[in-house]
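*Asks:* The active site annotation in TrEMBL covers H458. TrEMBL lists 69-81 with the feature compositional bias 'Basic and acidic residues'. According to TrEMBL, the feature region 'Disordered' maps to 1-93. For 122-143, 163-184, 196-220, 226-243, 325-345, 365-385, 444-463, 469-487, 499-516, the entry in TrEMBL reads transmembrane segment.
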Amino acid sequence: MSDKGPATRRRRTTTSGCGGGGAGSVKQANGTKGLDAGAKHPQYPAGVKTPAAEVSKRQRASHNNNGNLDREESGETEQHRSSNSPRKQRSAVEDINDRLSCHVLQESLLSSASGYSNYRGILNWCVVMLMLSNARLFLENIIKYGILVDPIQVVSLFLKDPYSWPAACLIIASNLFILTTLYVERRLAVGTISETTGWILHIFNLTCMLVFSSVTVLSVTSMTPVGGVFSLGIYTVLFLKLYSYQDANRWCREIRQAKAKRLTRSYSCPDVKQSNGSAVHPLVSYPGNLTHRDMYYFVFAPTLCYQLNFPRSPRIRKRFLIRRLFEMLFLMQLLVGLIQQWMVPTIQNSMKPFREMDFSRMVERLLKLAVPNHLIWLIFFYWFFHSSLNFMAELLQFGDREFYRDWWNSETVTYFWANWNIPVHKWCLRHFYKPMLKRGTNKFLAQTAVFLVSAFFHEYLVSIPLKMFRLWAFMGMMAQVPLAWFVGRYLNGNYGNAAVWLSLIIGQPIAVLMYFHDYYVMHHGYIK
């Protein structure tokens, strides 16, 4: 038994080691040399397993485990397939249904019932078409009239005589009325004069402002129409500012007399701390606001409504200031160029149809003038209400920059007039409309009175510089009252917005043509 044991083990070892790729391949995998068929194998004692046998046993165990895993995985796969088969059946049925039925209940995109609202592409198309059409008109104008832009001619619009500056002198003289208002308020603050006397003095001072400026423009022969419009515009703004100044100070005196010290702060805006750590703007209270510094800050501030403490921005942004200044200069040159190149020839060519009362040609000229007039009006709006007022506000660190709202979305005429010029709207609301309502005036009558005051100042700014009185601007403004009623009652949504735009595009050229026709006839006679 002892002799056979080792021999038998040698044969097993040889058989296992000389297989086609069994032990030899395993040994090669372990980094050892493979055994030849005739090689002599090492002797191992009884009961000790050879390395080749141990490796062969591991391989068999591994194969058995792999087989079990394969059977388990195949069983799970079959189980998943059996569980997914209803889903596949359902997806196949749905696929067949989709191929059989391709229509659903739905509206066209351009129908109002569809709820579709993304018309950005159509808006871009409208902008492109507008640019192309205006480019054609501009090219046609250049070919027909040549280059008419003359910067030197702009100076002659303000000055007839380079040594006579009546508009500038008239604006400088306005300081007399500003200081009169300030000194009257100081006398009222210390009780030197009564409230009734102070009110009479203020009304007299404000009336003299309008009369003095009107008489000066009408009587001075060297005053040009453009210079007259500019100086009267300054006087109109000062009139509204000084009225608000005396009104706000009167309210402060009423509060002081009522000994409601806590309410005094209601007329003051909280100060805004400086972001750079500098000193904050000090708050003032009545009558500490009655100073030259406070008065002239209000005079130059881009607002018509006075209060003791305005909201202030923390610092002056130089880049913002330079951008606004660049916009002001560029847009001013653009406005002058468009007026000289586009509007003046069109207006001059419109005189003959007006003289002959050729209705069809008058309508054609009106529509031809509507495009440049409306474009110039839009540029002027951006130049004044955005660039110029923001420039002044940034320079004075004036914090309230709401000079306009989204008037372009106006669906009613009243919404347009309340949102395109916020400084004037605030003044009318604070100093005219609400006081009338507190006195028991009907709301419609109060609105009509606001339009009446606005119509007066529109006519004041046009008729006096042109030195003729035709009331076209006055009637145009008063026509807004029935137009506002009609649009608000019968037109809604997009139809109301279209009506507002139509009144802006067509209404202004009518007034321009009427005034220019009368002015041209008065000074030059009819065109033959």
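We count from 1, first residue shown onward.
Glycine too: its Cβ is placed from the backbone N, Cα and C atoms.
Predicted automatically and left uncurated, TrEMBL annotations should be read as such.
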*Asks:* Counting Cβ pairs under 8 Å to the transmembrane segment (365-385), which of 226-243, 444-463, 499-516 comes out on top?
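*Replies:* That would be 499-516.
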*Asks:* Can you tell me which recorded stretch out of 163-184, 226-243, 499-516 has the most Cβ pairs within less than 8 Å of the transmembrane segment (444-463)?
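*Replies:* By Cβ pairs under 8 Å, 226-243 leads among 163-184, 226-243, 499-516.
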*Asks:* Have a look around the residue listed as 'active site' and count the other CB atoms within 10 A of its CB, chains all included.
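*Replies:* Result for the residue listed as 'active site': 17 other Cβ atoms within 10 Å.
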*Asks:* What residues in the same chain, six or more past the boundaries of the transmembrane segment (325-345), come closer than 8 Å to it by Cβ-Cβ distance?
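*Replies:* For the transmembrane segment (325-345), the sequence-distant neighbours (Cβ-Cβ under 8 Å, at least 6 residues beyond its ends) are 138, 141-142, 144-145, 147-151, 153-154, 369, 372-373, 375-376, 379-380, 382-383, 386-388, 391.
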*Asks:* Can you tell me which parts of the same chain pack against the transmembrane segment (226-243), counting only residues 6+ beyond its ends and a CB-CB cutoff under 8 A?
*Replies:* 157-159, 166-167, 170-171, 174, 177-178, 181, 202, 205-206, 209-210, 213-214, 216-217, 298-299, 304, 306, 424, 427, 431, 457, 460-462, 464-465
